[in-house]
Amino acid sequence: MELASAHLHKGQVPWFGLLLTASLLASWSPPTTAQVTVMAFPLHAAEGNNVILVVYNMMKGVSAFSWHKGSTTSTNAEIVRFVTGTNKTIKGPVHSGRETLYSNGSLLIQRVTMKDTGVYTIEMTDQNYRRRVLTGQFHVHTLLLKSNITSNNSNPVEGDDSVSLTCDSYTDPDNITYLWSRNGESLSEGDRLKLSEGNRTLTLLNVTRNDTGPYVCETRNPVSVNRSDPFSLNIIYGPDTPIISPSDIYLHPGSNLNLSCHAASNPPAQYFWLINEKPHASSQELFIPNITTNNSGTYTCFVNNSVTGLSRTTVKNITVLEPVTQPSLQVTNTTVKELDSVTLTCLSKDRQAHIHWIFNNDTLLITEKMTTSQAGLILKIDPIKREDAGEYQCEISNPVSVKRSNSIKLEVIFDSTYDISDVPIAVIITGAVAGVILIAGLAYRLCSRKSRWGSDQRDLTEHKPSASNHNLAPSDNSPNKVDDVAYTVLNFNSQQPNRPTSAPSSPRATETVYSEVKKK
């Protein structure tokens, strides 16, 4: 057997092995030092792939070198030997036919198996019979097959049971990593999630309907990754409290009654209908055409889960109402004097209907001056103001219909009589203050005048001449002579107001006023 060239002559190994080997040799760069080393590529190989043990910086002057399986140079473990002197390659006892030796000392092993995992030793001898022994190693791993998830409970009951899920990889479990996911999200240990050592088994405690899945188990080793098919749990639960739809509870005669009942349950619940507590139908839907007021009553949806043995009910009250009739509006007087009162009466045959008052096509805002009576049918406005003038209507409604009355226009006549209530409060206050000031001024002037009058009286009393000393005749040398002079004496008795008898009486003041009358 001749030594294979490092250039990999065609025909010595299969073409795919040549390509792989060439790529491996090209991808490996020798160590930066001149030290002889052995490296395996790849270090972790998938079963069936090729592995090459590359020798860097081969010794110069090598006379022979050989590869051995294991950490030994025993001839019993020899794979292949090359002797430079004879340029021959000699197969050893453990040669499998898959090994190829290259002139640079590298060893190619094709289609590796799990048994090929381990250490390989190269022994080199130079011309001076000096030996150099080096080792290299690699690991062979099985390509992972698709794993499968199994469960210890195929039909767990919500809130009662726990479930264990196991990931079966069908390959050697050594060097396998297990990862779990649910609905695409990774799972880790928590309050209700427990993982076994190595994560091969996932346990769910007290399962709920949200634990249904799907679950996926992912397996990994150094050479491959694989995923299981999605696995979902069939969790038994329910029924929940049923829901009856639609939400309408009022209908008018002649319409169709169509009810649907739904309750979350696994397996699906059984449905039963009762009308006024009497069994009617065993279906999820209830349909009654052309209903009348006789169809008013209680409608019950009864649901049952045969596996859990649980039952739930929901009751819905349905009322069939006749449409309301159009009301009529009356008023005591359509023309009202301002500040008077007015009463509007809504006449309706529908006593259980809702009353709504309309003012100028908008909702009437009920104020303090407005009162309603007889379930809102009578509206009284007292007192009425000019802003209350306008169009009034009443509206009658029930859950299935609405009617509006005729319109009445109310006129409010303005009262020409001054209404103090219409005067702004600021004006009233200003007038009151001005009046107080005016009265105070008048009182002050009266007091001042009275004081001056008393002073004048005192002056007259002190300076009046006596009757015996007064010259009654004019002076002869007076520039203006008068023919006759007449004098009169007026006595003024100052009258004091009546006082209580208990008060001491004061003397009356007597004053004499002289008046001169001249004749020309």
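Note that Cβ sites are derived from N, Cα and C of the backbone, with glycine treated the same way.
Among the features that Swiss-Prot reports, topological domain 'Extracellular' is placed at 35-422.
Per Swiss-Prot, the feature domain 'Ig-like V-type' maps to 35-141.
Annotation source Swiss-Prot lists N-linked glycosylation site at Asn87 (among others), citing sequence analysis. In this view, Asn87 (N-linked glycosylation site) is surrounded by 10 other Cβ atoms within 10 Å of its Cβ, with every protein chain counted.
Secondary structure at Asn104 (N-linked glycosylation site), taken from DSSP and collapsed to helix, strand or coil, is coil. Marked as N-linked glycosylation site by Swiss-Prot on the basis of sequence analysis: Asn104 (among others).
Positions annotated as domain 'Ig-like C2-type 1' by Swiss-Prot: 145-234. Taken together, the residues of the domain 'Ig-like C2-type 1' (145-234) have an average pLDDT of 92.
Look at Asn152 (N-linked glycosylation site): DSSP puts it in coil. The C-beta environment of Asn152 (N-linked glycosylation site), restricted to residues of the same chain at least 6 apart in sequence and closer than 8 Å, consists of Val163, Ser164, Thr166. Look at Swiss-Prot and you will find Asn152 (among others) tagged as N-linked glycosylation site.
Among the features that Swiss-Prot reports, disulfide bond is placed at Cys167-Cys217 (among others). Around the Cβ of Cys167 (disulfide bond), 25 further Cβ atoms fall within 10 Å across all displayed protein chains. Cys167 (disulfide bond) falls within a strand segment according to DSSP.
Close to Asn175 (N-linked glycosylation site) in the fold, though at least 6 residues off in sequence, lie His141, Asn221, Pro222, each with a CB less than 8 Å from its CB. In the three-state DSSP reading, Asn175 (N-linked glycosylation site) counts as coil. Residues or ranges marked as N-linked glycosylation site by Swiss-Prot on the basis of sequence analysis: Asn175 (among others).
Here Swiss-Prot flags Asn199 (among others) as N-linked glycosylation site. Taking a C-beta cut-off of under 8 Å and a sequence gap of six or more, Asn199 (N-linked glycosylation site) has these contacts in its own chain: Thr177, Tyr178, Leu179, Trp180. According to DSSP, Asn199 (N-linked glycosylation site) sits in a coil region rather than a helix or strand.
Contacts of Asn206 (N-linked glycosylation site) defined by a Cβ separation under 8 A and a same-chain sequence distance of 6+ are given as Gly159, Asp160, Asp161, Ser162, Arg192, in order along the sequence. Here Swiss-Prot flags Asn206 (among others) as N-linked glycosylation site.
Secondary structure at Asn210 (N-linked glycosylation site), taken from DSSP and collapsed to helix, strand or coil, is helix. Residues near Asn210 (N-linked glycosylation site) in space but far in sequence (CB under 8 A, at least 6 apart, same chain): none are found. Marked as N-linked glycosylation site by Swiss-Prot: Asn210 (among others).
According to Swiss-Prot, the N-linked glycosylation site annotation covers Asn226 (among others), on the basis of sequence analysis. Of all the Cβ atoms in the protein chains shown, 18 others lie within 10 Å of the Cβ of Asn226 (N-linked glycosylation site).
Residues or ranges marked as N-linked glycosylation site by Swiss-Prot: Asn258 (among others). Taken residue by residue with DSSP, Asn258 (N-linked glycosylation site) is part of a strand.
The disulfide bond feature in Swiss-Prot is assigned to Cys261-Cys301 (among others). Counted within 10 Å of its Cβ, the other Cβ atoms near Cys301 (disulfide bond) come to 24, all protein chains included. In the three-state DSSP classification, Cys301 (disulfide bond) falls within a strand.
Other Cβ atoms within 10 Å of the Cβ of Asn294 (N-linked glycosylation site) number 8 in total over all chains. If you look up Swiss-Prot, you'll see Asn294 (among others) marked as N-linked glycosylation site, on the strength of sequence analysis.
If you draw a 10 Å sphere around the CB of Asn304 (N-linked glycosylation site), it holds 18 other CB atoms from the protein chains shown. Under the heading N-linked glycosylation site, Swiss-Prot lists Asn304 (among others), citing sequence analysis as support.
Between the C-alpha atoms of Cys346 (disulfide bond) and Asn104 (N-linked glycosylation site), the distance comes to 116 Å. It is 9 Å from the Cα atom of Cys217 (disulfide bond) to that of Asn226 (N-linked glycosylation site). Per-class residue totals from DSSP over the domain 'Ig-like C2-type 1' (145-234), listed helix then strand then coil: 3 helix, 38 strand, 49 coil. Cα of Asn304 (N-linked glycosylation site) to Cα of Asn258 (N-linked glycosylation site): a distance of 21 Å.
If you draw a 10 Å sphere around the CB of Cys217 (disulfide bond), it holds 26 other CB atoms from the protein chains shown. The separation of Cys261 (disulfide bond) from Asn294 (N-linked glycosylation site), Cα to Cα, is 22 Å.
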